[in-house]
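**Q** Before I ask anything, here is the structure I am working with.
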Amino acid sequence: MLDLADFQVHEKITYKVFSEMMIGHASSAWRYRQFILSSIRGELKGRFASSKMGALWHILNPLAMAAIYALVLSKILGAKVGGVENDAAYAIYLMAGIASWGLFTEITLRCLNIFLEYSNTMKKIAFPRVALPLIVLGGALINHLLLLAASVMVFAFFSHFPSLPWIALPVGIILTAAFAFGLGIILGVLNVFVRDVGQFMLVVLQLWFWLTPIVYPFHVLPDAMQTIISYNPMLPVVQFYQDIMLYNKWPDFVSLQYPATLSIVLLLVAVFLFRRASPEIVDVL
C-alpha cells in the first residue's frame, strides 16, 4: 500500500504532467493563433456562403424553433411559466433554454466530427491538432453571441428588457462552453477510432434535450422525476440562463458547482486522452 509520502509524490507527478500538457497545448495554440482566427472566419463565411441571408439563418433557426414550441405548447396546450407578467413569458423561457442548449450541442457535435471533417487537411498540413477544437469553440461562441443579441431585440419587442443580472451571463456562457468543449474532445477522439460514437450521441442528445427543463418548467415534474433530473449537469446551467433572461434576477451561483466540477474533470480527461491519441489519429483517418 502507498503511504502518505508516496501518495503526495504521485500527486505532484500527476499535477506536473497535466500542467505540462496544458502549457504545451496553450503554447501551440498561441503560436498558431493566426491560423486559428483565420479558420474561424473561414468557417463562419463558408457555412453560409451559398445563402443570401448568410449568418441570419443561424439566428433565425433557434428563434423559429422557440416560436413553434411556444405556439404549440402555450397557445394550444396551455403551457405557461409563473413569476412573470408578460404574455410572451413562455416564449422567452424557451429562448433562454434553447440558447444555452444550442451552445452546448453546437460545440459538442462539431468537436465530435471535427477530426473527420479535417482529415485531409491534417494529412497535408502540419499544425497542432488542438487548433481544430479551438476553431469550433471560437465559431460557436461568436454564433452564440449573435443569437443573444438577436434575443435581446426580440425581448424588447415584447417589452421585456435586460437588467443588471445580465452581467452574470458570461459565467453561464463560459461554463456551458467548457463543459461542451471537454465532452466534445473526448467524443471526437473516440469517434475517430469507433465511428458509431457519432451516431450514438445523436440519439443521446435527443433524449438529453427532453430530460432538461427547456420546454417545460422543472417545478411541474413529479418529485421522483425531479430527483432523477437533478443529476443532469445541464439543469443548473439552463436554469442559470432562464433566471437571467426571463426572470431578470441574480442566478444561483452555488448550483453551478456540480457542472463546474464535472467540466474540470472532462477537460482534464480530454487533455490526457487527446495527448495520448494525437499521434495515432492521422494514421487511423
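Even glycines carry a Cβ here, placed using N, Cα and C.
A quick note: this is a predicted structure, and the numbers were derived from the prediction, not measured.
The following feature annotations were taken from TrEMBL:
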DOMAIN    53-277  domain 'ABC transmembrane type-2'
TRANSMEM  55-78  transmembrane segment
TRANSMEM  90-109  transmembrane segment
TRANSMEM  130-158  transmembrane segment
TRANSMEM  164-193  transmembrane segment
TRANSMEM  200-218  transmembrane segment
TRANSMEM  256-274  transmembrane segment
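If you look at the structure here, what lies around each of the features I listed?
**A** Long-range Cβ contacts of the transmembrane segment (130-158) within its own chain (Cβ-Cβ under 8 Å, at least 6 residues beyond either end) map to 25, 28-29, 32, 35-37, 39-40, 43-44, 55, 58-59, 62-63, 86-88, 91-92, 95-96, 99, 102-103, 106-107, 110-111, 114-115, 118, 122, 169, 173, 177, 180-181, 184-185, 188, 245, 274.
Outside the transmembrane segment (164-193) by six or more residues, the chain places 100, 103-116, 133, 136-137, 140-141, 144, 148, 201, 233-234, 237, 240-241, 243-245, 248-251, 253, 256, 259-260, 262-270, 273-274, 277, 281, 284-285 with a CB less than 8 A from a CB of the stretch.
When Cβ-Cβ distances below 8 Å are used as the criterion, the transmembrane segment (200-218) is approached by residues 69, 73, 79, 81-82, 93-94, 97-98, 101, 105, 108-109, 112, 187, 226, 228-229, 232, 234-235, 238-239 of the same chain, each at least six residues removed from its ends.
Counting residues 6+ beyond its ends, the transmembrane segment (256-274) has Cβ neighbours under 8 Å at 18, 21-22, 25, 129-130, 171-172, 175, 178-179, 181-183, 185-186, 189, 233-234, 236-237, 240 in the same chain.
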